[in-house]
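Q: Pulled these features from Swiss-Prot for this protein:
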- Gly44, Ala45, Thr46, Gly47, Thr48, Gly49, Lys50, Thr51: ATP binding site (BINDING)
- 1-10: compositional bias 'Basic and acidic residues' (COMPBIAS)
- 31-271: domain 'Helicase ATP-binding' (DOMAIN)
- 435-601: domain 'Helicase C-terminal' (DOMAIN)
- 627-662: domain 'UVR' (DOMAIN)
- 97-120: motif 'Beta-hairpin' (MOTIF)
Amino acid sequence: MIDKRDDKPFKLKSKYKPSGDQPQAIESLVDNIEGGEKAQILLGATGTGKTYTMSQVISKVNKPTLVIAHNKTLAGQLYGEFKEFFPDNAVEYFVSYYDYYQPEAYVPSSDTYIEKDSSVNDEIDKLRHSATASLLERNDVIVVASVSCIYGLGSPKEYADSAVSLRPGQEISRDTLLNQLVDIQFERNDIDFQRGCFRVRGDVVEVFPASRDEHAFRVEFFGDEIDRICEIESLTGKTIGEVDHLVLFPATHFVTNDEHMEQSIAKIQAELAEQLQLFESEGKLLEAQRLRQRTEYDIEMLREMGYTSGVENYSRHMDGRSPGEPPYTLLDFFPEDFLIMIDESHMTMGQIKGMYNGDQARKQMLVDYGFRLPSALDNRPLRREEFESHVHQIVYVSATPGEYEMSQTNTIIEQIIRPTGLLDPEIDVRPSMGQMDDLLGEINQRVARDERTFITTLTKKMAEDLTDYLKEMGVKVKYMHSDIKTLERTEIIRDLRLGVFDVLIGINLLREGIDVPEVSLVAILDADKEGFLRNERGLIQTIGRAARNVDGHVIMYADKMTDSMQRAIDETARRREIQIAYNKAHGIVPQTIKKDIRGLISISKTSHNDISKEEMDYESMSRGERKEAINALQKQMQEAAELLDFELAAQMRDLILELKLMD
């Protein structure tokens with residue numbers, strides 16, 4: 001069993017003090033948590049500092065906390081913010097470690113088997129190991145995760161029990177330590193010393209934990225006793241300092257001992273025999289042969305190496321679970337009394353609900369056609385009700401909480417006041433007849449004031465037609481459609497802020513990262529067409545895009561007033577009234593948010609120009625120029641990964657592959 005370090009309280013460091021209605025929200029949330037309330041909602045309007053409020057709550061209740069976001073980008077932003085707020089505590093990041101992932105699948109209609117194809121991001125793998133190690137070693141831990149945290153991870157008990165604990169003066173031979181390291185999936189590599197490896201130099205063993213980046217450990221022996229343990233720089237070998245206790249966790253989350261492995265293999269073989277009998281009785285000889293060949297190969301690898309590609313598909317047998325029993329996940333690494341915060345809960349809870357069904361449909365096809373044993377179905381994400389069973393206390397955070405969250409609790413804490421004094425925008429409803437000319441007039445007013453405009457439409461055709469019309473009228477406009485990738489999207493937002501163009505048109509402008517303080521007008525076309533983007537929640541989210549500018553204004557073009565429109569307008573008016581009263585009582589003058597315009601990471605050729613597929617004619621390049629471009633792209637890919645922009649890193653990787661294929 002791992003001895004946890006002495007309890008260390010969360011220590012929040014910030015130049016800000018709670019303001020507006022943050023103090024009331026923080027106090028209510030903390031009182032409810034300490035009073036044993038299971039679920040509550042923080043209903044925070046856009047730009048009110050919800051992350052800061054979450055940080056204050058964490059520091060006051062002092063519990064290990066899991067923060068779940070609905071995508072990697074948002075998780076990365078939150079991770080960065082929490083790291084700044086809690087520099088002395090363990091703030092960890094846990095998302096899917098794939099830069100690119102094509103799951104194993106089979107398409108019967110075309111008899112196409114798609115092999116699992118993936119590219120693992122080494123940095124994220126390190127961060128995942130760091131998260132699980134921190135959870136087992138200490139209590140002052142915040143883990144920011146995507147919904148990957150509800151996917152199977154391996155048994156925390158096996159993971160903890162397999163850990164190697166070392167102290168100076170401990171009696172253990174060098175060879176015994178080497179065998180223990182191999183058992184927990186460390187590799188000996190005396191030349192290329194990297195994460196998950198160890199090297200041996202006489203009576204000195206150097207180990208590079210899977211959870212570390214630049215620092216490794218040197219274990220010095222005197223006979224069959226540990227003489228000294230030092231932390232070292234992995235690159236130079238320079239000693240940083242001595243340590244009195246070192247815990248080495250396994251280099252993979254799926255780990256088991258020899259005895260347990262043989263038991264697991266016996267179960268796999270029994271299931272294989274049963275499934276082969278079923279296939280043969282149904283005359284499915286091809287499926288039977290395929291399953292026998294694949295499974296026997298995996299068994300051989302497990303026996304010889306203790307690991308095989310796709311080992312997670314046998315996790316039910318490895319963990320000793322019954323059929324249908326939920327897998328171990330990151331949630332099982334937390335102690336019983338921990339806090340969960342769901343960011344943008346109206347999106348995230350929907351994802352948690354939907355993960356299971358999509359996973360099962362794909363895997364069932366693999367089982368039916370002999371690519372996997374039925375137990376592979378139990379390597380899966382949690383069902384929503386299984387996730388709920390892990391919840392001790394939970395806070396749903398959203399500007400527009402969903403029906404699910406509202407059904408879980410009646411405790412709703414509002415955070416409506418913005419520290420900047422900014423108000424929710426005023427809203428006009430205008431008829432759709434003559435909307436083009438009316439909109440053009442409004443845009444021209446904004447252009448004259450050096451302000452920007454968002455226009456949201458319901459269809460691609462409408463967006464394209466409107467873009468063409470505004471261009472003919474001399475307006476600098478761009479249309480952001482679903483085919484635009486992360487890098488281009490970032491460039492478009494930057495160019496809008498810089499004034500390269502004045503109007504951005506899109507179908508769904510609710511995605512994170514679209515908060516642009518320069519936008520003073522949001523126009524919603526077809527506002528009376530009920531649906532996902534025109535329901536109350538969608539409208540409030542869209543209205544919030546104009547809440548970053550002191551002159552923020554929203555125009556809804558509609559021929560009738562729908563219930564969703566009325567509720568969104570009423571809710572915005574209610575919030576605006578509260579904000580005006582607060583500003584008046586405290587003498588606050590609203591100010592537009594000041595937000596730096598961040599430059600993009602540049603990919604240099606020699607002139608440091610951005611390289612993109614559209615701008616560079618790769619086919620006309622010489623082999624040397626292509627090699628130079630590949631080197632530049634690889635550097636950019638690493639920089640993007642370090643900045644946690646993994647979508648951009650994946651695009652860079654795809655571009656590199658295309659260039660390599662040209663040679």
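These residue numbers are counts, starting from 1, taken along the chain as shown.
The backbone N, Cα and C atoms fix where each Cβ goes, glycine too.
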Q: So which other residues, same chain and not among Gly44, Ala45, Thr46, Gly47, Thr48, Gly49, Lys50, Thr51, have a Cβ within 8 Å of the centroid of the Cβ atoms at the ATP site?
A: Thr53, Ala399, Gln415, Arg418
Q: Need one number: mean pLDDT over the domain 'Helicase C-terminal' (435-601).
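A: Here the mean pLDDT over the domain 'Helicase C-terminal' (435-601) amounts to 88.
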Q: Suppose we draw a 10 Å sphere around the Cβ of Gly47 (ATP binding site). How many other Cβ atoms does it contain, all chains included?
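A: A 10 Å sphere around the Cβ of Gly47 (ATP binding site) contains 18 other Cβ atoms.
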Q: What are the non-local neighbours of Gly49 (ATP binding site), defined as same-chain residues 6+ apart in sequence with CB under 8 A from its CB?
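A: Spatial neighbours, sequence-distant, of Gly49 (ATP binding site): Tyr16, Gly20, Gln22, Gln415, Arg418, Pro419.
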Q: In DSSP terms, helix, strand or coil for Gly44 (ATP binding site)?
A: strand
Q: Take the Cβ of Gly44 (ATP binding site) and count every other Cβ within 10 Å, whichever protein chain it belongs to.
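A: Gly44 (ATP binding site): 23 neighbouring Cβ atoms within 10 Å.
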